[in-house]
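Annotated in TrEMBL:
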{"type": "DOMAIN", "residues": "16-102", "note": "domain 'Ribosome maturation protein SDO1/SBDS N-terminal'"}
{"type": "DOMAIN", "residues": "111-172", "note": "domain 'Ribosome maturation protein SDO1/SBDS central'"}
{"type": "DOMAIN", "residues": "175-239", "note": "domain 'Ribosome maturation protein SDO1/SBDS C-terminal'"}
{"type": "REGION", "residues": "241-261", "note": "region 'Disordered'"}
Amino acid sequence: MSRTLVQPVGQKRLTNVAVVRLRKHGQRFEIACFPNKVLSWRSCVEKDIDEVLQSHTVYSNVSKGVLAKSKDLTKAFGTDDQTQICIEILEKGELQVSGKEREAQLSSQFRDIATIVMEKTINPETRRPYTITMIERLMHEIHFAVDPNLTSKEQALKVIKKLTEHFPIKRAPLRVRFTAPNPNFAGLMEKVGEWNATVISKDESSTQPSIVCEIEPSVLHLCEERLKDVQGRVEVLSVSAHAESGPSVEQHDSVEVPQAAPVKEPDAVAQISETMQKQSISTESQGNAQGKQQRRCKECDVLVEDKLYREHCKSGWHKHNYTRHKNGLPPLSQEECIVEMELADSKKDLKDYDF
């Protein structure tokens, strides 16, 4: 019996190349990059161009190995400097990803959306959040599909709306502090009753008495308007108030899910501080490191060991100072950066409560 002959294939498949394409003046220009490095370059985590480009060469077709003509480069970019053109294509071009890479990106974004949904919702019976596994299962049941053109937070808010229509799940309440002058405190208490707020504690001893309570996110802006009548103000203490005792996992539709230990609500600033301490390099340790090669980070105005410089560039501290540097603002210390990031996140989260 004759065997089937295996003929050689003339097409060479690119398995370890990420192609960035840019169309300009009717011409197509492409560059060959390392996988997973283009996004790092655009987010300013990676700054070494040699770590991103496979070669400082501009192609008209990477897969066929066709180089771009010098006259076309000069006409489109005004220069024939290959490195400068590669940087422009990196920043403005369209990243061509393979099917597996696209699947991995969608899977990662799906997980991010589920995490946001878990943080912003609770079980109305136990006032405890569902697990990430349960949230993902519910998202599959409503046939949710990730849209790569929208942010994870925008899609998470849409998912929450749809989940509340079909399952016992609702937005976590806001924990706020209402403050009003002594003569107007009685009027403040009446308004709190109208908003169906859950009172946590009251402090009537000071000249500015206050009350801590939990309200629905949708009435926050109404509260701010009504408090003007009694010369009061509102302060958001937590954008997602969960019960502080009892089981943290609740079963749904008779599905057995292992219960986790009770979780207490941590202080947001302390949480960010701990994370950034792990990601960044403290100035004290940099000052004590003698006899080691160091590099100065101009965005943060600190010295960093050579081998730790890349990890420093990935930290939230460096990214925040990089944004300030682009806007012409001076760098912040690690502690100042923590506070500013927390305040910015709180203001951004409050905009999402209008539904």
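In case you wondered, yes, glycine gets a Cβ from its N, Cα and C as well.
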Across the domain 'Ribosome maturation protein SDO1/SBDS central' (111-172), DSSP labelling yields 35 helix, 4 strand, 23 coil
Taking DSSP H, G, I as helix and E, B as strand, the domain 'Ribosome maturation protein SDO1/SBDS C-terminal' (175-239) contains 27 helix, 23 strand, 15 coil
